[in-house]
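Down below is the structure, laid out as structure tokens.
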Amino acid sequence: MDNTESFGARVGHCALWEKVKEGHVHLITNEDIQELFHAFDVYDPSEKISTSDLVRLCSVEGTYLTAEDIGEWIKDSDVDGTGEVGIMDVHRGITEGTAAFSLVKRALFGQEKEHKLSECSIHELLGWMHYEYDKKSKLWSLPETLFLFTAFIIGAVLHLNVWEAFKSSRAYQYALTYGDFALEWVVDRDTFWKWVYEGWLRNILRHHMVSFIREVDPDQDVLKTNPFPGRVLKTHQIIGAVRFRRWYAVGTACLSGNMWKDLYSQCPMHGELMPDDWYIFYHESYEVIQEQIQERAENFWLDDHTRFLDVQTFSYNAHQAMFTLDNLRLEFREAGYMIHRDGKRETFADSPYYNLWLAIPDLIFAVLLWNVFYGEMKELVPAAMNGLDGIKDYLKLWNVIDWIAIGFGFTTLSFWMVFVLKVSGELPEVLKPLPSNALDRAVFTNRSYLTSEEFDSVVDRFDFERQVAEIFRCAEEVAESHVVARRLIFVYLFILMLKFFKAFGSNDRLDIVIKTITGSAVDVAHFALAFALVFVCFAGSGMLLIGTTFEGYHTIPSALYFRWAENVEMDDIEGFEPWFQVLAYFWFFSYLSLMSILMINILVGLIFEAYGRIRSAAGEPETLLEQVGEAVENLKETKNFIDMWYLICELEDDDFPAHPAELVTIRSLKKAFSKDRMTKQNAEYLIESASRWAKKQEHNVELSVTDGVRMIGQTRTNVNKLLVLSEQVNAMLRKFHSKRTESEGGDWLSMYGAAQHEIQQEAATKTEESDPLAASPARRKHKVSEMQQKSREELMFYQMRNRFSDMISMTQEQTKLLEFISQSIGARQESIVEKDNWGRQKTAVLTDRCEKIEINIGKLSECLKGVDPGQLRGMPDKLKEFAQKVHAWQVEDSNPRSSSKLDHMAMLQHQMDSISQDVAQISAATKAKADIAKALQHVDARKRQIWARGKRGRGHKMKQVI
């Protein structure tokens, strides 16, 4: 026992096994094999060991070799079949044979596993179920997302009506921008009032039809040429009035230096902003409006405290059935000039659902969105029943995107309904009290626009201004809700795009897009970092270079945008001095060559490299139509199976897993879900599919660059070894041929040994010359001992030749003996396998019977719920007691002279035995599903029947006695 333990310890400490573990067979040297020989108590490098000694390695732990590996190792080492191997033989067997290939393959791809269609591991089953469920859910989400996207787009196009809104926006752009004095010429307060006189007043109110479109005809009636007051370009009816809202600041202390504080003690354009409204009513005459404008201009209504001026017009176009709220903002800058922003203009329908058919896309979208919500809840509820871990397992990326799509979709619908309620309900109620009809009648009656006195006689100016203010408030709220709905629709389109990305994962051809993005994400991210830094440098240098004179580069955000758009032309540079132009040209062309040409092409190359790599790895996957056809067939096949997500949640339950065992078989899986009545076909489908999937996954192992370098190194090492060995054999054959030529009558075997010995000496000499460190003191000592033994070996060589033939014959006999032993062992193993199979069959039958007993016990327990076992057991005794009483009555009333031969007692006894058997069957039934209450009712009925028969027999006897 001590020798065995010491042998195992010595073998286990060998450095050979670490290289075997890592698969680095090309790094195994003769010294490693010599260390292994020392564990076998063999210290002479020339001494050999028996192959049976190597078999002992099977009993040693820590070698990382299986019995098959050791058998292949011995077979490759003992090529000549002598049963003895040396250091070189063992080294060749472990580095160049079948065992070496197995070790390398195992190091690269792991240990191969035998997959059976009747069983698999729980991890393989869960892995396939997750893969299959995700694949099918993504596949069926593709048409769902497509229909959802189609319904959403159709509803958005119909309700937002962007084309008609663009027409209205273009009309206001023409009316406000162009004219006798263009809006772009407004730079300060004086030019603003000039634009109001010569541009805005004539184009918007059009009292005299004087504009850039049509010349005035003084002899023609005003109302005849422009018969409807307050029409912008004759189609957009102004509602109420036009509002000029001035935002002015209260003023705060300036942040100037001490020497300027006396001159600039306060900055009027800083501080809190306050509104000041001025309404221009289109029913008043041109002269009245001009007087109001002149009065405002002369009284400095736009003073130094003014920051913004909003020119607001709320109109309605009956041809388009749409409202338009136009807000032209003029912004007064601290530098003394003015700019205008006309982007805040919103056009919306007066009745989004004037035709009920327009509600169909919204209803379809809501139904589809609800279906997505229902599907996610079917997954979330079983996962939540497993606790926090189940929810964590459920919340994957695509599930989170689905919930974002659900939440954002319902939010978009909610904001859209808010807009519909405002524009269809609140806005008409605000517009009803407006006295526009009375003012229109007054204009038509007078055949001219109204003076201030005439206007005040028709309506109360103060009350009218209050109503118009309320209309603008409501219109701003409606427009804002419409803007929010449009922005939500804009964002939701990108969310639907992410849902399409999820659906693309169902098909390998479509998934190439996602894999290309994810596969190149790391490289693109690093490239983006370098690109962003260089780009910011160019944008910043552009801002410093031309930012003071070029509007697009006066701020960092605008410089980034305009540099990306490359919005710099030669005309922008030619006005500078020559030295400045040189800097500008260098800046422009360096950006063009470095960013636009070089780095953009690098980015394209990175993406195309990832696409090519992923496309080649994908091979020839099935098309989407083929996959849909297979999915439909699979759906028909599995329509009666248990829901797969429910099975996943039950199997992944950390507290009470449905199948806690590691090995899953058809029988164990069926038993685990017996309460759900899993069929055998369902269990077979799951196990077989998981086994095939696991087997396929083992072959889907990619060879990394490190593994490729390792394989190349191993191949190169083996080739170098073969070259050295070939050179040694070639040199040995040449020396053998030369010696045979010199002495043809000599002993060829001795010549062969001498030639081989010389070749070995020359190889050792070359090794020492090429590597001086190799000639260590231990080797020099060994060389001296070889020279001393040379003479003794020559004397013993003759005896070895004589015994060589004996050894060959002994080897043949040993081979025959080994074959006989192998056959005997094989027969014994076959017998053991047969007995093992017989035992497994008996065990399976016993297990089946035990399961059936457990199922029947469960059924019996369900049947016996609410039944008193003691009362049931006492029923036969009560019946026997009742029979004894009947017997006593019969004996008491019997007449010896009666001629009746009927044995009523025997009949009663027979019936009692029958009842007892019924009760015994009820109490011992394991297969029946009878109701115990009905059985007891049957027993009670039989008892009453016996009682009636006994009573009739007793009465009959009494009549005979009488």
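The backbone N, Cα and C atoms fix where each Cβ goes, and this holds for glycine too.
Unlike curated entries, TrEMBL annotations are predicted automatically.
As given in TrEMBL:
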DOMAIN    472-612  domain 'Polycystin cation channel PKD1/PKD2'
REGION    760-787  region 'Disordered'
TRANSMEM  145-163  transmembrane segment
TRANSMEM  354-374  transmembrane segment
TRANSMEM  395-419  transmembrane segment
TRANSMEM  488-504  transmembrane segment
TRANSMEM  524-546  transmembrane segment
TRANSMEM  584-608  transmembrane segment
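Ranking 145-163, 395-419, 584-608 by CB pairs under 8 A with the transmembrane segment (354-374) puts 145-163 at the top.
In this chain, the transmembrane segment (488-504) lies apart from the transmembrane segment (584-608): fewer than three C-beta pairs between them fall below 8 angstroms, excluding pairs fewer than 6 positions apart. Mapped onto DSSP classes, the domain 'Polycystin cation channel PKD1/PKD2' (472-612) shows 122 helix, 0 strand, 19 coil. Sequence-remote contacts of a segment are chain residues at least 6 beyond its ends whose Cβ falls under 8 Å from one of its Cβ atoms, and for the transmembrane segment (395-419) they are 134, 138, 159, 348, 352, 362, 365-366, 369, 372-373, 376, 379, 478, 481-482, 484-485, 488-489, 491-492, 495-496, 498-499, 502, 505. Summarising model confidence by region, the domain 'Polycystin cation channel PKD1/PKD2' (472-612) averages a pLDDT of 81.
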